[in-house]
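Asks: Just lifted these from Swiss-Prot, have a look:
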type: ACT_SITE; residues: C379; note: active site, nucleophile
type: ACT_SITE; residues: H515; note: active site
type: ACT_SITE; residues: E517; note: active site
type: BINDING; residues: S14, K187, T188, K189, P190, T191, Q192, K223; note: UTP binding site
type: BINDING; residues: S14, D147, I148, E149, K187, T188, K189, P190, T191, Q192, K223; note: CTP binding site
type: BINDING; residues: S15, L16, G17, K18, G19, I20, D72, K239, D240, V241; note: ATP binding site
type: BINDING; residues: D72, E140; note: Mg(2+) binding site
type: BINDING; residues: G352, L380, G381, M382, Q383, E403, R470; note: L-glutamine binding site
type: DOMAIN; residues: 291-542; note: domain 'Glutamine amidotransferase type-1'
type: REGION; residues: 2-266; note: region 'Amidoligase domain'
Amino acid sequence: MTTNYIFVTGGVVSSLGKGIAAASLAAILEARGLNVTIMKLDPYINVDPGTMSPIQHGEVFVTEDGAETDLDLGHYERFIRTKMSRRNNFTTGRIYSDVLRKERRGDYLGATVQVIPHITNAIKERVLEGGEGHDVVLVEIGGTVGDIESLPFLEAIRQMAVEIGREHTLFMHLTLVPYMAASGEVKTKPTQHSVKELLSIGIQPDILICRSDRAVPANERAKIALFCNVPEKAVISLKDVDSIYKIPGLLKSQGLDDYICKRFSLNCPEANLSEWEQVIFEEANPVSEVTIGMVGKYIELPDAYKSVIEALKHGGLKNRVSVNIKLIDSQDVETRGVEILKGLDAILVPGGFGYRGVEGMITTARFARENNIPYLGICLGMQVALIDYARHVANMENANSTEFVPDCKYPVVALITEWRDENGNVEVRSEKSDLGGTMRLGAQQCQLVDDSLVRQLYNAPTIVERHRHRYEVNNMLLKQIEDAGLRVAGRSGDDQLVEIIEVPNHPWFVACQFHPEFTSTPRDGHPLFAGFVKAASEFQKRQAK
């Protein structure tokens, strides 16, 4: 089987939406029956985004196999059925780390290790490895053409086109076509210069995706085609839309998938986008609206919670409810009190690290519990709910997590000291261990308690969800909290760790140690988020009576 590669680059400015465009194209190709995957190559020096600030970089998306990756992989999984893995994302830092390890080991037999050929060869090897077994692989190059950091990646894909053959490789370039209000026209010059930059390093784009706030007129597309040496039918207009789920249809309507299939000599049926049409219909025709407060510590950059925000929207789709998400800084709860939580139909506390804002989250969990407001806690959101219950119901004064107060009297949340690494070996870690790559990561099995709320929601006795955390419920103090009424609704496959808690005699109070947002998709939703939005809607109706 021959694998075909589509290399996706961006020019003029960053944040054009390369990830969404690549994922949308992949969705169309998948709808034509092709086996498709997507890779993201990030030019930064960090080995992975695991230790990067969410306020700078956005969320860290966790794959099934436990890789901490770029948030674009979340977009990929929400658009196509193929699950991402650690093979789908790597960085300059990872490449250099691998090459330097080989150099120290003597693998290069004393050769002078250089960017070309050693770094570029390592990039090519990883791309080929990630593409094995697929009909089409889309490879998104992070950053903007012209950045120094991207040059090794661009050189590597240029070489791949020569080595694999142009009949099995395509270059797709996203570029900005700005509208000038003063003259009342769009301007193509930035696109021409961006393509010129690509040409200077030996890459001739085959497809141009023109990003604009409006449809790019046919005469302007013809002009771009002429001056950029691209067929006119391969110049695609991609205007701003009110829903990203409209983009597959927008690209298909301009024949992009047909052009690619002909170029790769792929004989496959027409794309059936009926599932996406259903998503668009549900999104455009809600029967009601709810307001859900998300109380977090990184809310100045909503991308820090990208998957949670999308999962809430998916929960809305499954209930035909429009979800209005109100982002609330947990530190504001500490300084201004619970007044800012009033008027919400439900409350969600997402994950996070560090002590800043945690007391505000604990106050939030208590407010939801005492006022019968639907509550969903994720990761840290579960831990603060447990701390609240321990303090205010189980009479464990000043209960806390050892992450925040190492010597507290009631450490109801504590560090896991024994881990299994990716090779299955037992490893002992402590608070002094490296931060990078030292968490419970990836898909883990969870057993649900028979008569629990989550057992009803999932309609299954055992589930698999993804984790990203270092701290767990302290089993030594668990009995005292359970005796006070808290219910453990889910445990790890080996029955050792608490995964889900519920508050009995509450309309809807669920908190989980895992991250359900990573497996939510617009077509399928997720049981927890669908149930949570439904509970918010029911709470709203009760309040209106």
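Backbone N, Cα and C define each Cβ position, glycine as well.
Can you walk me through where each of these features ends up in the structure?
Replies: Cβ neighbour count for C379 (active site, nucleophile) (all protein chains, 10 Å cutoff from its Cβ): 23.
Same-chain residues at least 6 positions away in sequence with a Cβ under 8 Å from that of H515 (active site) are, in sequence order, V62, S307, G351, I378, C379, E465, R466, H467, R468.
Other Cβ atoms within 10 Å of the Cβ of E517 (active site), summed over all protein chains shown, number 29.
All protein chains considered, the CB of T188 (UTP binding site) has 21 other CB atoms within 10 Å. Taken residue by residue with DSSP, T188 (UTP binding site) is part of neither helix nor strand, so it is coil.
Over all protein chains present, the Cβ of P190 (UTP binding site) has 15 other Cβ atoms lying within 10 Å.
All chains included, 18 other C-beta atoms sit within 10 angstroms of the C-beta of G17 (ATP binding site).
For E140 (Mg(2+) binding site), other Cβ atoms within 10 Å of its Cβ number 27. In the three-state DSSP reading, E140 (Mg(2+) binding site) counts as strand.
Taken residue by residue with DSSP, E403 (L-glutamine binding site) is part of neither helix nor strand, so it is coil.
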Asks: Which of the binding-site residues S15, D72, I148, K187, T191 has its Cα nearest to the Cα of E403 (L-glutamine binding site)?
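Replies: Smallest Cα separation from E403 (L-glutamine binding site) among S15, D72, I148, K187, T191: D72.
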Asks: What is the total of other Cβ atoms whose distance to the Cβ of K189 (UTP binding site) is within 10 Å?
Replies: 11
Asks: Calculate the distance in Å between the alpha carbons (Cα) of G381 (L-glutamine binding site) and D240 (ATP binding site), and round it to a whole number.
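Replies: Checking the Cα atoms of G381 (L-glutamine binding site) and D240 (ATP binding site) gives a distance of 34 Å.
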Asks: Specify the secondary structure state of L380 (L-glutamine binding site) as given by DSSP, simplified to three classes.
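Replies: Helix, per DSSP.
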Asks: Over all pairs within S14, D147, I148, E149, K187, T188, K189, P190, T191, Q192, K223, the annotated CTP binders, what is the largest Cα to Cα distance, rounded to whole Å?
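Replies: Taking every pair of listed residues, the largest Cα separation comes to 31 Å.
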Asks: Where K189 (UTP binding site) and G352 (L-glutamine binding site) are concerned, what is their Cα separation in Å, rounded?
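Replies: Cα-Cα distance, K189 (UTP binding site) to G352 (L-glutamine binding site): 43 Å.
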